[in-house]
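Following: one structure in structure tokens, then a few remarks.
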Amino acid sequence: MSAHYARLLAHYPYAVVGMVALVSVTCLIITFTAQKLPEFKNPSDVGAYNCISLYKGFEARGTEISNRLVTWQNMKDATTRNPSIGLLSAMPLERSAGAWTVYNNSAIHRKTRSLDEQGFFCEGSPGAQYSRLVLQGADASEDLFSLQPLLSMCHLDLRLRSISEEFSNICVLSRNDTCCRSWTLANYVAAHGRRASCLDITEADVSQLRDLALDCADYYYNGTLAADCYRTRCAGVPAVCGAAYEVLHYVVDVAFVESAAAADSSSPAAATYAMMFLPVATGIGVRRYYGALAADALRGKGVAVVALEFGLKYELFQEYLKSDTVFVAAASGSVFVFVWLYTRSLFITTMMAVAMAFSLVIAYFFYSMIFELAFFPFVNLLAVVLVVALGADDVFIYAKIWSLAKSEKNNGVFEKIIVDTLAHATRSMFVSSLTTAAALYASYVSAISALRCFSVFAGTAVLVNFFFMVTWLPACFIIHDKWVSSRIFFEKLLPFVVVKGRLVWLLLFGAAAAGSCVVIFYKPRLSLPNVDYFQFFDSLNPFEVYDFKFRDVFGFEKCRQEGGGWQLPIKVVWGVQPADNGDHLDPYSTGTLQFDSSFDLMHHDSQVWLLEFCTQLRNQTFYKPSFGPQLTDCFMQKFANWMKKPCIALDESDSAPCCRASAFPFSRSVFTTCLERYMTSLQNTPTYDYHRGVGGLRFDVESGDVRAVILEFDSAYAFTFKYEPMHEFFERVESWVAERMASAPPSLRNGWFVSELAFYDLQRTLSSGTLTAIAVSIAVACLVLFVTTLNVLVTLCAIAAIAGVIFATIAALTLLGWQLNVLESSTLTVAVGLAADFTLHYVVAYRRCGVVGGGGGSGNAREAGVVFALAHVGSPVALAAFSTLVAGALLLPSRVLAYQQLGVFLIVIAAVSWTFATLLLLSQHLRHKLRPPGHVAVVQPQRKAAASCAPTLLLPEEGVTEEAEEPIDGKQLYDDEGSGVWVLNKSLV
């Protein structure tokens, strides 16, 4: 570090602090006055860009598949199937949701409901628009379709309705202004048995409805029993089964239906779970009622609530995210307490906190004003904990070096103390900050918008924090020093353990690294997410239990799920380029549609080839024939068949030239004339408007010109969230389509295939992008280490330790059930930087002593380097690890999963990093070369390194206990009570 800068700090510390504070405050004012603060909004309602989004941005952008998906959506928005009615699709619609009518998603209007024909339930069926609870017996295997559990269910329902006056304010009302009954299995038994209340049901009533459900389960299971069978007779279904539909579809679990429908079932059907529908709308309106529910209110004598769905997950997440910041504050506060205890200065601790806050402010200034990034994903908030951890680590290191520099008598001049401190501390902080920032910036290679935004913000925050550590922090120490003018463990015990147990540590940590690789890549292996639900809370939260366990346990929910058995479509598109020219760092920017200038559907070669393409596709094994009218699967085939009609119709009208008189392929004039007539006839076909796809021709909304053509078929693959079958589907169809496009005429050669692949694309991007980011981060760390140490052996040892930390951390998190989702991927990216932190501090200290690895230098010299590193940075590194661990533990009680995962990650990374860096890295720098007895190894320091190496201890050769005859820098070595451990005469220090 420049002596001029040290002189500036020594004489003008107040000016340095003032200038840095002025710059920080200026950035603060500019940032928060020039634009709005980031705020939490429902992503579906966001109109502005300045928002923190929880869903938006958590999808891939810029990949081959994402380009097609974005283009597909842009094409649907910019074109229409029907040139004459294209603008109708943009008109706002009013939609009804059972008892509530939603207008533009802004208001819920309560309605009253008539009673059904029996006068028991309010008219209409239960459904996803109602708040619901999943019930289980007190004994997990108990059949709920029996009298005692049903009576307990009835009592629970009454308690839930009377626990708060809020229920009567939000419930659906019957015509007599009372709350409608809940749809429960107990109430269905009462309704079927003509009882006034579920409290009056008998064994006979239960048996009667149970037998009916068992008899009708097979009809429901094979799809012949439908919702309207209650009012209209369904073919092949007994009339009495209509009353059992709602019980089978909404109330009892699928396992009961499957067991009842199985002819060879060896055990009687049992309803393990039952659904209770409250006559209350899901959503924010039920928040106060949910707050009034105590835990004991969800348990009855015979039944208990195991899961909930009130439509409140997002609202509760926002609420808990803010309220649980108390745990983040406690975690940060614990770090500040450790800094206070270590430095014994409230001033230093306070100024460190201010520096961290300013670091985040300036980082956001660069993020929003310089880089002009408008999207701020929630994952960016992880940078707060990262800056606190790194800042505390740097303060510990600087405080220790500052203390040692002042203890050296030959330092003399105050400026020299500052120079020596900055020379050691700045290098250590620079290397750790650079590698951490590089690891974060490496995530920019990811195709996921949220990860790229996080890499920019967090990496910038780390570099800004380093700026404060070399300007603000030294000036604060100088000011504090002008105001206010455990060694045994780190200088004796820990070095002894590291040196003497080096073989044990090598075998132990080597086995741990190998075992970690097995856990990550073989079994149980780090898996990709297999559900598309965004998990907000821990797995025991009743809302999360419902999403992850009960989404496919009940018939009505199973029908609602995308993976409920519908086939993946095969959509082949011509006429538009699969390009995403929007801002990939802003999920709200999807760019504009780019048309293919070479596209010409009316060319003779195009017509012939497209017709052959449809025939060949239907012959593939991944194609599945579809039943019913298929008006949009292959346009050219349908158009050619339509052109085969007689030229003179029954009404004696002349259809020429749009008839069999025109030979295929059609001339351009005939094609143009007949296409308009064909589309008119197609629009008059009722099934065309109700077809679920958007296949066929796509026209320009304004001009009505043909812009694209889409072929849409069903595949033999069912949609699933599992990666392997989706990968097989994509690879098979993609390779076949690409092969066919190679033989297409120039006018159709730019066609491409797309399907419901968004979640698969996210999985694929996470699997490749995360590993790429980790590899780039390790490579950058290797480069920084080599430039810093100029020693290949030291660099290789450090990289081996860092890689071991990364593998062990990922393996531990895998065993704890982590999946490679977006938030976890961000956390693992941070792991690379934090894994290198402690290792780099040891390496810089080791090299500063002047010990050179490799062939040069004796074994005792290398031992001295290890002891020197432990004596100088051992205590601050240990305290940094311990404070990080405590901070992580304080995050665990949070109700927000992100905070909990961050806490677990901090605990694991702190423990693993410290043990690998201290016990493995340092021990493997020692390679003894025996020397004759009586000789003591002395470190030969590099230039200006003698003073730094002096206050250390040395380990002698075996059997050597006599006092060293030659002093080092005037400090006599002696054997401490014959222990074999050589220490310095502290009276000479």
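Backbone N, Cα and C define each Cβ position, glycine as well.
If you check TrEMBL, you get these features:
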- 376-479: domain 'SSD' (DOMAIN)
- 12-34: transmembrane segment (TRANSMEM)
- 325-342: transmembrane segment (TRANSMEM)
- 348-367: transmembrane segment (TRANSMEM)
- 374-392: transmembrane segment (TRANSMEM)
- 429-447: transmembrane segment (TRANSMEM)
- 454-480: transmembrane segment (TRANSMEM)
- 503-522: transmembrane segment (TRANSMEM)
- 766-787: transmembrane segment (TRANSMEM)
- 793-818: transmembrane segment (TRANSMEM)
- 866-892: transmembrane segment (TRANSMEM)
- 898-922: transmembrane segment (TRANSMEM)
Spatial neighbours of the transmembrane segment (348-367) far in sequence, C-beta under 8 Å, 6+ residues away: 20-21, 23-24, 27-28, 30-31, 336, 339-340, 373, 376, 383-384, 387-388, 391-392, 395, 399, 456-457, 460-461, 464-465, 467-469, 472-473, 476-477, 480
Confidence summary for the domain 'SSD' (376-479), mean pLDDT rounded: 85
Cβ-based contact of the transmembrane segment (454-480) with the transmembrane segment (374-392), 3 or more pairs under 8 Å: yes
Long-range environment of the transmembrane segment (793-818) - Cβ separation under 8 angstroms, sequence gap at least 6: 509, 512-513, 515-517, 519-520, 524-526, 774, 778, 781-782, 785-786, 824, 828, 831-832, 835-836, 839-840, 843, 846-847, 853-854, 901, 904-905, 908-909, 912-913, 916-917, 920-921, 924-925
Sequence-remote partners of the transmembrane segment (12-34) [C-beta within less than 8 Å, at least six residues beyond its ends]: 358, 361-362, 364-365, 368-369, 468, 471-472, 474-476, 478-479, 482
Secondary structure composition of the domain 'SSD' (376-479) [DSSP: H/G/I, E/B, coil]: 95 helix, 1 strand, 8 coil
Residues of the parent chain within Cβ reach of the transmembrane segment (374-392), under 8 Å, 6 or more residues beyond its termini: 38, 49-54, 56-58, 328, 331-332, 335-336, 338-339, 352, 355-356, 359-360, 363, 367-368, 432-433, 436, 449-451, 453-454, 457-458, 461-462, 465, 468-469, 585-588, 822-823, 826-827, 830, 833-834, 837, 880, 883-884, 887, 898, 902, 906
